[in-house]
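If you look up Swiss-Prot, you'll see 3-47, 14-34, 20-41, 24-43 marked as disulfide bond.
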């Protein structure tokens, strides 16, 4: 199962999945990507 959560540290609109993933990894998550109509950075990891 994959858990997802909005990044606490990502600022501004999410336009790069790579940048989002890097921020998520710094927060202790496995990665992340831009998601939804508002392009929020969502972090992911196994749970």
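Each position is counted from 1, following the chain as shown.
Just so it is clear, glycine is given a Cβ too, placed from its N, Cα and C backbone atoms.
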Residue 34 (disulfide bond): tally of other CB atoms within 10 A of its CB:
19
Same-chain residues six or more away whose CB lies under 8 A from the CB of residue 41 (disulfide bond)?
6, 7, 10, 14, 19, 20, 23, 24, 32, 33, 34, 35
Near residue 14 (disulfide bond), how many other Cβ atoms are within 10 Å of its Cβ?
21
Cα distance (Å, whole number) from residue 43 (disulfide bond) to residue 3 (disulfide bond):
8
Count the other Cβ atoms sitting within 10 Å of the Cβ of residue 20 (disulfide bond), across every protein chain shown.
23
Select the most exposed residue of 3, 24, 43, 47, where exposure means the fewest other Cβ atoms within 10 Å, treating these as the disulfide-bonded residues.
47
